[in-house]
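Visitor: Sharing the record's features from Swiss-Prot:
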| type | residues | note |
| --- | --- | --- |
| TOPO_DOM | 1-12 | topological domain 'Cytoplasmic' |
| TRANSMEM | 13-33 | transmembrane segment |
| TOPO_DOM | 34-81 | topological domain 'Extracellular' |
| TRANSMEM | 82-102 | transmembrane segment |
| TOPO_DOM | 103-116 | topological domain 'Cytoplasmic' |
| TRANSMEM | 117-137 | transmembrane segment |
| TOPO_DOM | 138-159 | topological domain 'Extracellular' |
| TRANSMEM | 160-180 | transmembrane segment |
| TOPO_DOM | 181-217 | topological domain 'Cytoplasmic' |
């Protein structure tokens, strides 16, 4: 029962992490306008995401534009797109595999096979969390580096957007859920079965020596 509860908790955290990753990748809030210097009061705020950029006017009107050309985008943005998509697909696959091998389902009858399936699902979720963490940390590092770079104009400096914080939380949930699924697998299922010990005994020579003695009597 304890392992079943851990499996359900791990899958719940993984689902929340997957949803958080989806929202983080979809929202154009990876980079936002930095309010520094004389730009505390501005007429518009710029939001930048993986798929589009938005401009919010002081009147509340917002205009968004999807990036037209993929090849014209920076390499870090292209890599972030690819990693997020792969992470979403990998996490979804991990969830489906986890449901197949969960203790509360009857898709697989063998307990050893169930344990191996759940372990595979946990590894997939851990990998997906790492794939989410890479573009989020990469983008945050680039934003901070440009923010403190005196050669970058203040109008071009950005701050960390809400999508980055959501991405960190989603990656943590995915890795925590995957770790719980890995912990639910008992090690006894993965030990190689040991056969009976093959021993041998040295035949006693007392009988033979006795016969020899009787022959000489």
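Every residue, even glycine, has its Cβ placed from backbone N, Cα and C.
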Visitor: DSSP on the topological domain 'Extracellular' (138-159): how many residues come out helix, how many strand, how many coil?
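Guide: Summed by class, the stretch gives 13 helix, 2 strand, 7 coil.
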Visitor: Which bits of the chain, at least 6 residues beyond where the transmembrane segment (13-33) starts or stops, bring a Cβ under 8 A of a Cβ in it?
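Guide: Same-chain contacts beyond the ends: 39, 42, 44-54, 64, 84-85, 87-88, 91-92, 94-95, 98, 125, 128-129, 132, 136, 139, 143, 158-164, 166-167, 169-178, 180-181.
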Visitor: Which residues, given as numbers and ranges, are at least 6 beyond the ends of the transmembrane segment (160-180) yet have a Cβ under 8 Å from it?
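Guide: Same-chain residues near the transmembrane segment (160-180) but 6 or more away: 6-7, 9-21, 23-25, 27-32, 47-49, 87, 91, 94, 121-130, 132-133, 135-136, 139-140, 143-144.
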Visitor: With helix taken as DSSP H, G or I, strand as E or B and everything else coil, how many residues of the topological domain 'Cytoplasmic' (1-12) land in each class?
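Guide: Counts, helix then strand then coil: 11 helix, 0 strand, 1 coil.
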Visitor: So, by DSSP, how many helix, strand and coil residues make up the topological domain 'Cytoplasmic' (103-116)?
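Guide: Residue counts for the topological domain 'Cytoplasmic' (103-116) by secondary structure: 6 helix, 0 strand, 8 coil.
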Visitor: Any idea what the model's mean pLDDT is for the topological domain 'Extracellular' (138-159)?
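Guide: Taking every residue of the topological domain 'Extracellular' (138-159) together, the mean pLDDT is 88.
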Visitor: Where else in the chain does the topological domain 'Cytoplasmic' (1-12) make close Cβ contacts, counting only residues six or more beyond its ends and a cut-off under 8 Å?
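Guide: Residues 95, 98-99, 102-104, 118, 122, 125, 176-181, 183-184, 186.
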